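Student: The structure under discussion is supplied below as structure tokens; questions concerning it will follow.
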Amino acid sequence: MAVDKLPLLAKLEPVSLIGLVLLSGLFFLLTATRKSDLPLVNGKRPFEFGIAKARQRYLKNAHSLITAGLEKAGAFRIVTENGTRTILSPKYADDIRSHRDLSLSAALVKEHHVNIAGFDAVKVTVTSDIIQDTVRTKLTQNLLNITEPMSEEATILLKAQWTDSTEWHDVALRPKTLGIVAQLSSRVFLGDKVCRNPDWLRLTVNYTIDSLMAAAELRLWPEMLRPIAAKFLPKCKKIRKQLEEARNIIQPVIDERRLAQQAAIKQGKPQERYHDAIQWLAENTKDRTFEPAAMQLALSTAAIHTTTDLLTQTILDLCGREELVQELREEIISVFKDGSWDKTTMYKLKLMDSVIKESQRVKPMAIAKMARCAEEDVKLSDGTIIPRGEIILVSCSKMWDANVYPDPNTFDPHRFLKLRQQGSDQESFAQLVSPSPEHMGFGFGKHACPGRFFAAAELKVALCHIIMKYDFKVAEGCNPQVLKSGMRLAADPFARIAIRRRQEEISF
């Protein structure tokens with residue numbers, strides 16, 4: 001992505017420009033860190049100037065580069081689109097899972113420009129523990145209260161967007177799954193008054209993508225110049241506008257609730273409690289100041305695209321497996337024989353749990369997780385040194401290790417169900433929400449995805465409705481392929497499926 005920097009530089013006075021250059025040099029000297037001694041797997045080749053070619057090789061062949069690196073060393077460096085990163089073998093996962101000098105927040109600061117206006121949704125996750133506390137406590141504790149509303153929303157959305165047509169018809173899968181996840185998530189985060197607002201749904205979908213593009217745009221600039229560049233760059237201007245639009249949507253809801261609470265207090269009536277994130281954030285912040293719009297965008301950023309990708313991949317993995325789909329229908333019918341969602345429903349959907357976890361094992365969203373930044377020089381248990389300022393990631397290679405998973409490259413929907421049936425020692429490990437070095441779909445350690453319990457519930461609600469209400473198969477002429485870019489893996493964004501309405505045996 002090329003950015004013309006000359007028009008912006010031309011607006012600076014010569015003296016100011018010289019001052020900025022000198023400040024950049026001083027900043028570099030003051031923050032310079034020791035050089036890593038770890039091998040670099042994709043450095044410059046003979047007659048190459050700069051690292052542009054190395055970045056291209058990374059984007060195209062990251063998986064093979066990391067595999068080759070792990071065969072030679074347990075720790076090595078790799079040139080990525082965001083600079084050089086250190087990749088660690090999964091054997092180090094326990095070393096770093098709670099290491100006090102390895103910081104997720106510091107890694108986010110370096111990657112996402114959190115101190116620049118517009119990136120507020122990332123900033124609130126770094127500078128405050130409100131989001132994490134709300135997800136770990138309020139959201140997880142209220143899963144039973146939010147399951148029925150999500151189910152109601154799924155009924156409304158599927159009827160409108162997937163239709164009741166009993167004739168086979170083709171649809172683009174990812175837009176459909178994105179719509180489901182965005183609306184179900186918004187029902188939980190903002191309640192029923194906002195969750196169907198098309199402007200809010202558009203914002204929640206677009207802000208994540210646009211903020212990532214804005215971050216990439218800024219990385220083309222020296223760090224000292226980025227706050228200035230952000231004032232003029234189109235993507236940065238766009239996310240600032242989106243943040244303001246989010247405020248205009250959310251603030252009236254908050255104001256309306258505040259007035260209703262004041263009226264209830266004045267009349268001596270009990271205040272209405274809401275089972276949504278507006279209520280939970282207010283309860284968790286207490287006397288602390290917070291930005292409601294940024295908090296809501298942060299929740300959406302964390303939830304929507306990751307869950308959408310897993311839902312998309314799971315549906316693609318079910319296509320063409322009619323016997324498996326029938327097994328899932330029978331499990332759903334058995335679990336819902338009394339026709340209600342209760343506290344044991346999600347646990348009882350063990351085959352579905354296994355299917356989702358296996359989809360995530362075969363194709364996670366990234367081939368390395370547990371991003372951390374070393375705030376001091378860190379010495380690992382075997383003496384490996386991670387220099388201060390270095391960003392590290394742990395390879396997910398155990399997810400495809402034949403010593404851990406027999407026939408690891410084969411999708412086995414019953415794999416984790418069979419493990420759970422072996423006994424109590426495997427019960428926890430084999431559940432979708434259980435992270436481990438052998439399955440880092442949700443990360444691992446103290447920063448493992450705190451929203452994984454909600455994601456699992458949301459996925460199961462969506463799949464219950466889709467599986468019971470629709471027949472589906474890959475559309476004729478479509479051959480879904482995993483999209484690979486660097487360490488990222490994405491369910492085919494262009495995949496199309498054929499669907500038709502069926503008569504469900506039970507009602508939710």
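Heads up, the Cβ atoms here are built off N, Cα and C, so glycines get one too.
So Swiss-Prot lists these for the protein:
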type: BINDING; residues: Cys449; note: heme binding site
type: CARBOHYD; residues: Asn82; note: N-linked glycosylation site
type: CARBOHYD; residues: Asn145; note: N-linked glycosylation site
type: CARBOHYD; residues: Asn206; note: N-linked glycosylation site
type: TRANSMEM; residues: 12-32; note: transmembrane segment
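Help me picture where these features are in the structure shown.
Tutor: There are 19 other Cβ atoms within 10 Å of the Cβ belonging to Cys449 (heme binding site).
Around the Cβ of Asn82 (N-linked glycosylation site), a 10 Å sphere holds 14 further Cβ atoms from the protein chains shown.
For Asn145 (N-linked glycosylation site), other Cβ atoms within 10 Å of its Cβ number 11.
Counting Cβ atoms from all protein chains shown, Asn206 (N-linked glycosylation site) has 13 others lying within 10 Å of its own Cβ. DSSP assigns Asn206 (N-linked glycosylation site) to a helical segment in the three-state reduction.
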Student: Using only C-alpha positions, which one of Asn82, Asn206, Cys449 is spatially nearest Asn145 (N-linked glycosylation site)? These are the recorded positions in the record.
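Tutor: Minimum Cα distance from Asn145 (N-linked glycosylation site) across Asn82, Asn206, Cys449 lands on Cys449.
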Student: Measuring Cα to Cα, how far is Asn206 (N-linked glycosylation site) from Asn82 (N-linked glycosylation site) in Å?
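Tutor: On Cα coordinates alone, these residues lie 22 Å apart.
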Student: Give me the CA-CA distance between Asn82 (N-linked glycosylation site) and Cys449 (heme binding site), in Å, as a whole number.
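Tutor: With distance taken Cα to Cα, Cys449 (heme binding site) is 23 Å from Asn82 (N-linked glycosylation site).
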